[in-house]
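Participant: Before I ask anything, here is the structure I am working with.
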4 protein chains.
Amino acid sequence: MSGSSFGKLFVVTGFGESHGPAIGGVVDGCPPGLELAAADLQRDLDRRKPGQSRHTTQRRESDAVEILSGVFEGRTTGAPIGLLIRNEDQRSKDYSEIAERYRPGHADYTYDQKYGVRDYRGGGRSSARETAIRVAAGAIAKKYLAVRRGIVVRGYLSQLGPIRPQGFAWDEVDRNPFFWPCAATVADLETYMDALRKEGNSIGAAVTVVASGMPTGLGEPIFDRLDADIAHALMSINAVKGVEIGAGFGCIEQKGTEHRDEMTPDGFLSNHAGGILGGISSGQDVIARIALKPTSSLRLPGRTINARGEATEVVTTGRHDPCVGIRATPIAEAMLALVLMDHLLRQRAQNADVRPPTPAIPSAPLT
Amino acid sequence: MSGSSFGKLFVVTGFGESHGPAIGGVVDGCPPGLELAAADLQRDLDRRKPGQSRHTTQRRESDAVEILSGVFEGRTTGAPIGLLIRNEDQRSKDYSEIAERYRPGHADYTYDQKYGVRDYRGGGRSSARETAIRVAAGAIAKKYLAVRRGIVVRGYLSQLGPIRPQGFAWDEVDRNPFFWPCAATVADLETYMDALRKEGNSIGAAVTVVASGMPTGLGEPIFDRLDADIAHALMSINAVKGVEIGAGFGCIEQKGTEHRDEMTPDGFLSNHAGGILGGISSGQDVIARIALKPTSSLRLPGRTINARGEATEVVTTGRHDPCVGIRATPIAEAMLALVLMDHLLRQRAQNADVRPPTPAIPSAPLT
Amino acid sequence: MSGSSFGKLFVVTGFGESHGPAIGGVVDGCPPGLELAAADLQRDLDRRKPGQSRHTTQRRESDAVEILSGVFEGRTTGAPIGLLIRNEDQRSKDYSEIAERYRPGHADYTYDQKYGVRDYRGGGRSSARETAIRVAAGAIAKKYLAVRRGIVVRGYLSQLGPIRPQGFAWDEVDRNPFFWPCAATVADLETYMDALRKEGNSIGAAVTVVASGMPTGLGEPIFDRLDADIAHALMSINAVKGVEIGAGFGCIEQKGTEHRDEMTPDGFLSNHAGGILGGISSGQDVIARIALKPTSSLRLPGRTINARGEATEVVTTGRHDPCVGIRATPIAEAMLALVLMDHLLRQRAQNADVRPPTPAIPSAPLT
Amino acid sequence: MSGSSFGKLFVVTGFGESHGPAIGGVVDGCPPGLELAAADLQRDLDRRKPGQSRHTTQRRESDAVEILSGVFEGRTTGAPIGLLIRNEDQRSKDYSEIAERYRPGHADYTYDQKYGVRDYRGGGRSSARETAIRVAAGAIAKKYLAVRRGIVVRGYLSQLGPIRPQGFAWDEVDRNPFFWPCAATVADLETYMDALRKEGNSIGAAVTVVASGMPTGLGEPIFDRLDADIAHALMSINAVKGVEIGAGFGCIEQKGTEHRDEMTPDGFLSNHAGGILGGISSGQDVIARIALKPTSSLRLPGRTINARGEATEVVTTGRHDPCVGIRATPIAEAMLALVLMDHLLRQRAQNADVRPPTPAIPSAPLT
């Protein structure tokens, strides 16, 4: 594959299949001296882990992470940090169905085409199980960003099928199993999801991630712009089909006078740019939004072909998330944190001595 | 910067400022034996170049590209291909206005914050002038993909402000100065743009790019998925604020039964995935769409700060595209071609000997 | 650190400290379909492992490797291969001596200078313990090279202090604990090492590695030449102070008529080049030789400074190799195999379709 | 090729053939604010350039470099620096001899094997002509290292065939056309070279490069050790067959008590390590030595094969260096400077906040 690493200076490498003995990874490039313990990673792993409510997959994994290296006497040493999570609930079942038939909308067919062989148990490498390692690695980045730089990375579910929040409060996000920022509409989500589950169908969603307390100067034009690397990071999450920064697709119908974020000595007056100008952070909040497709693992039958190329039908039994967007919030936070961490290191490599002519000005408030 | 290269095996490195003596670049990793001449690159450079109609900037550049190396007796040798385009129309003017004031919505402020110094002439490195090298490099990729693999990369303007095409025909795209696929609505664009120019404002747009004749198997999970690298590539283009693949943001409200592309021995029945499953090409057409913001270079005054941090106003004179989306079509094509070329090489590195169990099936038609 | 990965397409990433819970790593980019089991890796791990004779460190490690991913039903899948070796014999001892004093010739001082913190237990990250993962990863490369391409990578100890082999036979190499190719002089080594151990001193050595059955065409000029990457790989091994290819330093006094390897249709007439011309493999055996310094972990006292910068003396107790060169043979083989594997993949990425004008000619025999 | 770039954060990409229209390159990642002009590069280019004495090739090139970007008002901006050198003396001659026959010891055969096609004019891409761009890029690194960090990179010819210097003085190095540090033996070199030229033969050589004023902490274990990257850099120079650091191959016969560099508060007592411990700079002078083979371009006939695989003979006419080691000194300096610059940036990326427990101690003097 050789596509299993992310980042240039803060580099995460992952491995592991859904139903293998373990998943794991390596975080290389973490600055030395950071206080770090497994508990720091576990918090976010627990937010991501399956079976937290009836609205996500009922697979039971404790997702207990072990730090195998790179930490000494409670602090990072600058050496690579080895991470390991044993798989526990690889339910023994009969996989002959999906071993032989390509679930439409799934990676089954493309893996067979690419590799000629496929670990079909639970989706193998294409399962979102690997995202646990992203979350663990992202938690290290989040901690460094917060403790050393005051940068806070947070996210929330910003749309579930047709339902949008009616209000917004960060405090609400961790009070419901959806990462939903609006208490008034949580019941709507519950009702919608219960009906969906009964129907045997799935639904798309959107997740928004925000980094506040941003410094100026992160991003390396012309190709490794901050927004380009964020797009790469977020689009690499399973099921993501779109990424937008700030006004995003809304800017198609904006005029220049409307889109440009005016500046005053007291701060920016708006944030259509989503905190990035010319590929470089402006000091405004970085705001990105992703679209997640509905999972294709459905118990409603679909037309497909089998491994001999013949027409057939397939249904997917087993335990699946009817809305993969729900558990995607901590994953998207992790990926944003990884990008920011990498760019923080890159920025100080090259521009350690720079003194900007102008003091940075505050971000417009998140609306 | 150290972010001036794109690709892992087919690597493009660019340099040059808007008003410096030249822009240029290096294409490293082109397979040997490809017939190649400057004319192959010039075709796409001419499609991108300014001043082709009254609706784009009136800067006059012939954008004549010189191939300095890597080609011998009309064929590539496997050595790096050096590219050079001399700048011709660096109009001598007074830049004191933008040297001292940060145009809102522009990279002026972030470049000063990051580098402490800025070549402000015509936007310097942050100008879209550098995209000419992307187009030249992309033309090499396009030629290889087409001649050696039958992969065709094309694009069109799919929305301009509020205006959408009413029909679709590839043949129309090169018959108007907008890369617009619908003859019936070209006049609407002309009228809209004339009014906009009179108003002194700018407008956003969307561009769609499509690769047809795709092989299966391109894309390297989990981080270098084909869609993730496409997102990176397209988001790295100036003014792009959003990228979507296939159904994109539309999938938020789709159900699984609707989104999943069913398969038969005769082909896929739909293409909501945009040709990519699990980060790997499925053999369907790859379809990506980008949102481009309205330029912030306006002669309508905007509030801003100057290089001493004081409140002021700025207007932008000079020659600018009122809709940067128009000239973005060949640039987006180039970036998609670069990603496909890179992944074609990566795919054959690792999977040269693979024999998939199933023959590939045809793409659903583009709708 | 962010220097914990090696290779571009066949990428090895390692982690782990000498006295932490485990060492491990990830091999990313292994082609799918290769038969692979832990036993394939164990063979070389056992050749490297400590305590095999009285002439190496008496630390007891079974070095049992676990393959955590990337293999399904006995074959590689193309997914990253996770590797884990638990540490067993982390002897609990008092490390206050080396925690406080910098052993001269060791990495103690430079780690403290670089990271400000150091896991001093058994040398931490700077210990050669990490080379077990190199050997495990290298075994995968060796297997692919041998099974799929007929390339055989082997090595031997070519000098130990003042002692050189008087004859040469590959068969002898695995018949003594020194990887020594000459039965007649093994007793000299035993005698020398016993005296050295009694003296409490250590000695340098040289190791030679050879790849036979080489294809032409591996190596990517101008910077990623095959010899340059071999030099990088071999010099990255602990204690290595020199690398030479073919005639190496001997070529300083050679004339051109002597050095150039003449060619006939029946093969090359000599191999001063060590199998590489212009950075590209010629099809001759690749031959590289490395110099390894004597370890600085001695029980003979040496002048040094402590962590407060004051003058002091230090002696090193504990279990150490009096000649680190002995166990270096399988490590050097592994690194050469990793380079060849990476370049094999790179070569076929870019030059898959090349038909050379001339058939390849045989290598000169190894002398 | 895709091996045309060197460095991770300070990245040099080169292009160009011996007899093409130009050679050139891009330096990406130079920190902003450095005073820089073409004259800074020209100094070293002139030291490398052909035809400076009767002992090097008589090709006449002014090697005048043009800086095309990345410098504004006399200072670097952080944008990539484009470099261009037009070829002037591509003598029109009959190349049919080497187009059809593989010069033994040359890259002719391996290029044809790898690429299936070859620009044979003057050696094409395999010619050492490309090293001019290394020298130009290295001069930027050298200037930054010297001006901003007080690190001085210098080199000298340390052996020519059987002749070694009898004394050593940096001041002598630039007073003779050999970069020779010993006035007393310059006449011996002249005599030797005149006889060699008359004979039509060539000879090997050694070059030593030294960086003084070194900081501690450069180098990224375990694979991107400073010595490993130096080995990569130096072995990538045409004709180099060996690299050693500090005592190098001499350490094979050293005992530990002899090799280890003892430390006192006043400094190191010796420098067998060549300034690098555990892959990290110790603050001592970095010392590396390379072996360069005798060129194979000889007018004395050699046995070879032609492009149809038939036995033949070849003689090389044209203008060649009888000892390529002579002009290699500025090239080796450049490569060492590039490595140090890259690692300086990498070091500050990850360890910007580190405060080492001990003050650095002085280097032992160069002996």
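Note: Cβ is positioned from N, Cα and C throughout, glycine not excepted.
This is the feature table in TrEMBL:
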{"type": "BINDING", "residues": "C:Arg48, C:Arg54", "note": "NADP(+) binding site"}
{"type": "BINDING", "residues": "C:Arg125, C:Ser126, C:Ser127, C:Asn238, C:Ala239, C:Gly278, C:Lys293, C:Pro294, C:Thr295, C:Ser296, C:Ser297, C:Arg319", "note": "FMN binding site"}
{"type": "REGION", "residues": "C:42-62", "note": "region 'Disordered'"}
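Let's see these features in context: how buried, what's close, how far.
Facilitator: Spatially close to C:Arg54 (NADP(+) binding site) yet at least six residues away along the chain are C:Arg197, judged by Cβ distances under 8 angstroms.
Note on C:Thr295 (FMN binding site): other Cβ atoms within 10 Å of its Cβ, all shown chains, come to 27.
Broken down with DSSP, the region 'Disordered' (C:42-62) shows 7 helix, 0 strand, 14 coil.
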Participant: Look at each of the binding-site residues, C:Arg48, C:Arg125, C:Lys293, and point out the one with the fewest other Cβ atoms around it within 10 Å.
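Facilitator: Comparing Cβ neighbours within 10 Å for the binding-site residues C:Arg48, C:Arg125, C:Lys293, C:Arg48 has the fewest.
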Participant: Quick one: of the binding-site residues C:Arg54, C:Arg125, C:Ser127, C:Lys293, C:Thr295, which have a CB under 8 A from chain A's CB atoms?
Facilitator: C:Arg125
Participant: For C:Arg125 (FMN binding site), what is the secondary structure by DSSP, using just helix, strand and coil?
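Facilitator: Its secondary structure by DSSP: helix.
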Participant: What count of other C-beta atoms do you get within 10 angstroms of the C-beta of C:Ser297 (FMN binding site), across all chains shown?
Facilitator: 23
Participant: Looking at Cβ-Cβ distances, which residues of the chain lie under 8 angstroms from C:Ala239 (FMN binding site) while being 6 or more apart from it?
Facilitator: C:Ala128, C:Leu292, C:Lys293, C:Thr295, C:Val324, C:Gly325, C:Ala328
Participant: Give me the Cα-Cα distance between C:Ser127 (FMN binding site) and C:Arg48 (NADP(+) binding site), rounded to a whole Å.
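Facilitator: C:Ser127 (FMN binding site) to C:Arg48 (NADP(+) binding site), Cα-Cα distance: 14 Å.
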Participant: Could you tell me which three-state DSSP class C:Ala239 (FMN binding site) falls into?
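Facilitator: Once the DSSP labels are grouped into three classes, C:Ala239 (FMN binding site) ends up as coil.
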Participant: The record lists C:Arg125, C:Ser126, C:Ser127, C:Asn238, C:Ala239, C:Gly278, C:Lys293, C:Pro294, C:Thr295, C:Ser296, C:Ser297, C:Arg319 as binding FMN. What's the largest Cα to Cα distance among them, in Å, rounded to a whole number?
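Facilitator: Result: 44 Å between the two most distant Cα atoms.
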Participant: Rounded to the nearest Å, what's the C-alpha distance separating C:Arg48 (NADP(+) binding site) and C:Ser297 (FMN binding site)? Just drop the number here, would you?
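Facilitator: Cα-Cα distance, C:Arg48 (NADP(+) binding site) to C:Ser297 (FMN binding site): 19 Å.
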